[in-house]
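What TrEMBL says about this protein:
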- TYR62: active site, proton donor (ACT_SITE)
- HIS125: substrate binding site (BINDING)
- 29-305: domain 'NADP-dependent oxidoreductase' (DOMAIN)
- LYS92: site 'Lowers pKa of active site Tyr' (SITE)
Amino acid sequence: MEKAEPFWAKMSAACGFVALHTGQKMPLIGLGTWKSERGQVREAVKYALSVGYRHIDCAAAYSNETEIGEAFQECLGPDKVIKREDLFVTSKLWNTKHHPEDVEPALRKTLEDLKLNYLDLYLMHWPHAFERGDNLFPKNPDNTMRYDYTDYKDTWKAMEKLVVKGLVKAIGLSNFNSRQIDDILSVATVKPAVLQVECHPYLAQNELIAHCQKRGLVVTAYSPLGSPDRMWKHPDEPVLLEEPGIKKLAEKYSKSPAQIILRWQVERKVAAIPKSVTPARIQQNLQVFDFSLTEEEMSHIGSLNKNWRYIVPMITDGRGIGSSFHIHRQDREYGCGWRIKETVGFRTETLGNGKYSGCC
């Protein structure tokens, strides 16, 4: 008797993919793990895999890769329903590991923690480097960050060697602006496959996405739902999931506002990695492939753009902002937390030197 196809296989087949220039297929919806606490993330990953997720986004700086590795060890294997080759796993090189000598050891630590032999995608988490070491946020006595002036182009050349060695299948960038992307491309032997940035209807990133698409990069949206569980939420900031137009579409399609937003990204061929540790939401976030938005509805959601950044970096003088950012029009093309102007909470200043930090 022929063995019945497992239910997750049908769900995975329904999950759309986007092709990378490497020939890999990256699922358009993945599970984000930033802010997923130890004690929760293992079960979240296991549940996500059981309901059809085949894209898991990780990072060394999230400090939870060991637990994620335990989930992988339990769920993946030649004698398991899910094989390693069925899964697309991303991780990221943290700012303290930009020195070329530190790049491969950092990756090998991630592979050890995740209990994997290779990554599908390895991203440079931010363009700027912190002082070398194991302290994620090295600071001076006055609470300012301690930086290392390793050129990110040198970091990139070290990352290229990881591809040659077969430790990663593709490499890419996170939180880079358009000029920095072109800077990397000017020296790249192995071209970046993906750019990961904050992206949602209030921060549509249209110029940056177009810039990437012209250069063969796929864009992945982190915090695609506006990161509603942020600790630094401000009572006066707009709440994406409460946007009236999105709620109206959710009612029309019998979907949640989150599903409408994720469908908008999917139809733009932008991958999205919503984070959740709640089983119902994890499953719901994947169920966006059974309906389509009209062209008019897509345009309406796109018109909601406010150049509003939810993920707030840390200013170099050590003060946490504690609120969100508007991006001024002249800086919109960067659209990834690089040249932005602070307009809420403190004095307005241009942060053009990249001297801030964040884990997203």
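For all residues, glycine too, the Cβ spot is worked out from N, Cα and C.
Features per TrEMBL, on structure.
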| residue | record | DSSP class |
| --- | --- | --- |
| TYR62 | active site, proton donor | helix |
| LYS92 | site 'Lowers pKa of active site Tyr' | strand |
| HIS125 | substrate binding site | coil |
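Mean pLDDT for the domain 'NADP-dependent oxidoreductase' (29-305) in the predicted structure: 94. Taking the Cα atom of each, TYR62 (active site, proton donor) and the residue listed as 'substrate binding site' are about 11 angstrom apart. Other C-beta atoms found within 10 angstroms of the C-beta of LYS92 (site 'Lowers pKa of active site Tyr') number 29, with every protein chain shown included. The two recorded residues, LYS92 (site 'Lowers pKa of active site Tyr') and HIS125 (substrate binding site), show a Cα separation of 5 Å.
Over all protein chains present, the Cβ of HIS125 (substrate binding site) has 23 other Cβ atoms lying within 10 Å.
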